[in-house]
Structures are given as structure tokens and as C-alpha cells.
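A.B. asks: I have a structure here, written as C-alpha cells, and I will follow up with some questions on it.
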Amino acid sequence: MKLIFLFVVIFNRGICQDNNTLEIDLINYEEKNERTLAKLLLDDYYKYARPVRNSSSILNVTALIQIYNLVEVNEKNEQIQLLLWFPQSWKDEYLTWDPEEWNGIEKIIIPKAMIWVPDGYIFNTVAEAETMENHNARVRYDGKVELVDLTCPMSVSSFPFDSQLCALQFGSWSYPNNVLSFNVMGAWVHEKEKNSEWDIIDFNATKLVRGYNDTLGGANVYEEIFYYLELKRKPHYYIVVIIIPTFAIVTVSNIGLFTPHGVHGDREEHVSLGLTTMLTMAVILDMVTGQMPKSSEGIPLLGKYVLIEFAISIIAVLVSILIIFAHERMLYLEKTPPAWIFRIFEKSYFQKVPLAEMEQDDILSKPRDPKEEMKLCLEKVRNYLEDLETQENHEKIWQRFFSLTDILCGFIFSVINVLVTFYMFIDYF
């Protein structure tokens, strides 16, 4: 009976050995595919610790950020929205095999949730429109595509000819630089990227090492990658919609304010024209302020320009009112123009004897003869008519003087308007 028992045991063991050999042979020759390889690699895989066999070694992560599209720039909230592709790669020491033993398999796709991934994060991210939970990963990680909102402090002092420099701060939340290091391969912008308002001028990366104090009195040193994105605004919209209309409105207003509306030089509706211009400038200023962020740097360039044009319009209206008032007072008080005005506008000027003096002389030397009295009356009528003619001549001279003043003021304000526009925007053309 012992011999039989031993034989059975040996026979059974032989069968077991043959079955194991057969299973190995099946794996070696029939099931060497991605499924079997992934099952073998993940059978005893632990995804909650760094995939290094030596705990003192540094795990290097290579990152290459790529911008596929500049979606939106929100100046009021100081945010930019980017469509990013952020590939990362590292060496996982527990996910290795010999391709020659696995029918030449070099890459397999594994769900990201089943392996360890670095906890790299863009620190100044506001929101992510797409999470990473359902993404797959290759053993040599290839990356993901996500839509990201970033904070970007805006410098609007030269708006709308401004350039913005936005920084994307990327790094690890948990691992210091002695256990996790990043290799920067640079930054790249997709050549088909187009935005109606902004141009991407430059996109580069810089790696820095920073220390942060912890709650235990120590310090942790982390590696951080700063991706600097330089943007330049396309100012064509603001030039066509705001700058050119503002310049044209103020120029036409200045010409209208200092141009007589009638043949005789009357200045009706000047104040109404000035008030209409100021109301238009207020509307334009409201349009500008609605598109600019509230910045501590002061008023942007476009806002300054609209305010200066507003001030020019106000000063022009005040000067026009002053000219109207002075002209009216000169005519109402029947003021005689000064001699230098006569020299400019009246070539043959002879000082007439006022009518009042003629009447005083006539009273003192009043003749008794009716013939002489008739002659005196005719002389008084002639002097009166000459006095009316002189008064009309004075009014014409005042009219010419104030008309010339209007022309000079209109020319001066137009030149000031051109010089202000040229001086404020010459550096941006």
C-alpha cells in the first residue's frame, strides 16, 4: 500500500508540474499581448507611493506645455482662458519589461487612475473645464488636453496698445525637490492659434527652486516651473470705433463752435453744439471705462485721451461763450474799436466829431437868421447820418474782429487737437 501511495503522489506531482509548464508555455507562446502584459504589471502594483526602488533617489518628471488656442482675455476680472496640452513623462521602475520577451510590445495604454501620477498643478488656475479622472496614460506618459482659466494681473496703462505678461506657475503640491524633479523641455504655441483681439508674442519656461516654511518650524524646498506668456493686443477695433470718432467729433465741434451760422455773423446754437459734443464725449468715455479693469496703475492711455478731448471741448465751449459775450457787450455799449483794430480792418480811418459835441457848439452859437437856421438843421441831419454810418462801420469792424478771433481760436484748438492725438499715440504706430 505504501508503494501505491507514493506512486500516486509522485504521479499527481508530475501532473501538476506538467500543468504549470503548460500554463507557462501558453503565456510564452499564445498570450503575449497587451492585456496579459498590463495584467502582469498591475498585479502587485501600488499606486499610492513613488515608483522608485530606492527611496533616496529623485524621480524626474519631464513637462512640455503647449498652447493650442487663446480662448478669451477678461481684462475686468484679470483672467485669461487657454486651451492647453500639457504632456508629462517619467520613469516608473515598476512598469518595465523586455520587449523581446513580449513579441516586440513597446507601449501599452493604461487608465491613469490605476498607476501613480505626479501631482503637478498650475497654482494660479482659477477653474478647469475638464478634469483628468477619465484620461488614459501610456507608460511613458503622453499628456492630456484641458481648458484652463488663469489669473493674470493686467497692466493697462497703455491700453489699447498694451502688452500683457502672464505667468503659469506649475509645480508639485506634495513632493519636494529631493524626491521629485521636473525637466523643462520648453514651451510651444500651436501655429494655427488665432485670436481676434490678441497676438501671442512669446511663450517660454523657467525653472526655479523655492523654499516654504512648514508648521513644524522647518522648511520644504520645491521645484516650480514658470511659463511666461506674452500677449499683445490688436488695437484696430479701438482705433476705428473710439479714437478716430473721438478725434473727428472734437475737430468738427471746434470748427462748428467758431464758425458763424449766418451771413451776418450771428452765433446762434453755439452753446447747444458744445453741450451736444460734451454729451457725446461722455458716452464715449463710458464705453471706454466699461471695457477696462479697475487698476491701481491709474487711468489707461485711451481713457486719458478721451478725458483730454473732453477737456478741449469744454475749454472751446467756454472760449466761444466768452467771444459771444464780448461781442454782444461791445455792440450794446456802442464801444468804439481801438485804434489798432482800425488799423487792421479800416484803411481810410478818420476820427469823426461826435454828434453830442456838434449839438453843444450849435446851442452856443445858434444863428438868428432863418436861412442860417435851415443850414444848421441840414448840417445836423448830415452829422446824424454820418454818425449812423460811423456806428454801422464800428459794428462791421467789431464783426470782422470777432470773426477773425473765431477763425484763430478754431485753428488753435484744431492744432491742439491734432498735436495731442499725435503726441499720445506716436509711439505706438
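Numbers here mean position along the shown chain, with the first residue as 1.
Each Cβ is built from the backbone N, Cα and C atoms, and glycine gets one as well.
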A.B. asks: TrEMBL tags one of 41-63, 179-201, 271-293 as transmembrane segment - which one?
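C.D. replies: Of the candidate stretches, TrEMBL labels 271-293 as transmembrane segment.
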A.B. asks: Where DSSP helix means H, G or I and strand means E or B, what are the helix, strand and coil counts for the domain 'Neurotransmitter-gated ion-channel transmembrane' (242-345)?
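C.D. replies: Helix, strand and coil residues of the domain 'Neurotransmitter-gated ion-channel transmembrane' (242-345) number 76 helix, 0 strand, 28 coil.
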A.B. asks: Under 8 Å between C-beta atoms and at least six residues away from its ends: which parts of the chain pack against the transmembrane segment (237-259)?
C.D. replies: 160, 197, 270, 273-274, 277, 280-281, 284, 287-288, 302, 305-306, 309, 312-313, 316-317, 320, 323, 406-407, 409-410, 413-414, 417-418, 421, 425
